[in-house]
Amino acid sequence: MASVAESSGVVEVIELISDGGNDLPRKIMSGRHGGICPRILMPCKTDDDCMLDCRCLSNGYCG
């Protein structure tokens, strides 16, 4: 199940993921480049510290 909202070139998708017993909502941000990056506040120093198609932003967090 997914819900989609679009504003200013960014598409947000809220999916239900399962951890084995509970379904948990997960927000993913899909930008203009087509990549998918979970919207989780995650500190980083390099792009390698980030998940999936995220990159390390100048504020020190993945996005």
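Just so you know, the numbers here start at 1 and follow the chain as drawn.
The backbone N, Cα and C atoms fix where each Cβ goes, and this holds for glycine too.
Taken from Swiss-Prot, the feature signal peptide applies to 1-21, supported by sequence analysis.
The disulfide bond annotation in Swiss-Prot covers CYS37-CYS54 (among others). Within 10 Å of the C-beta atom of CYS37 (disulfide bond) sit 19 other C-beta atoms, taking all shown protein chains into account. In the three-state DSSP classification, CYS37 (disulfide bond) falls within a strand.
Within its own chain, CYS56 (disulfide bond) has CYS44, LYS45, THR46, ASP47, ASP49, CYS50, CYS62 as residues 6 or more apart in sequence whose C-beta sits under 8 angstroms from its own. Classification of CYS56 (disulfide bond) by DSSP places it within a strand. According to Swiss-Prot, the disulfide bond annotation covers CYS44-CYS56 (among others).
Feature annotation from Swiss-Prot assigns disulfide bond to CYS50-CYS62 (among others).
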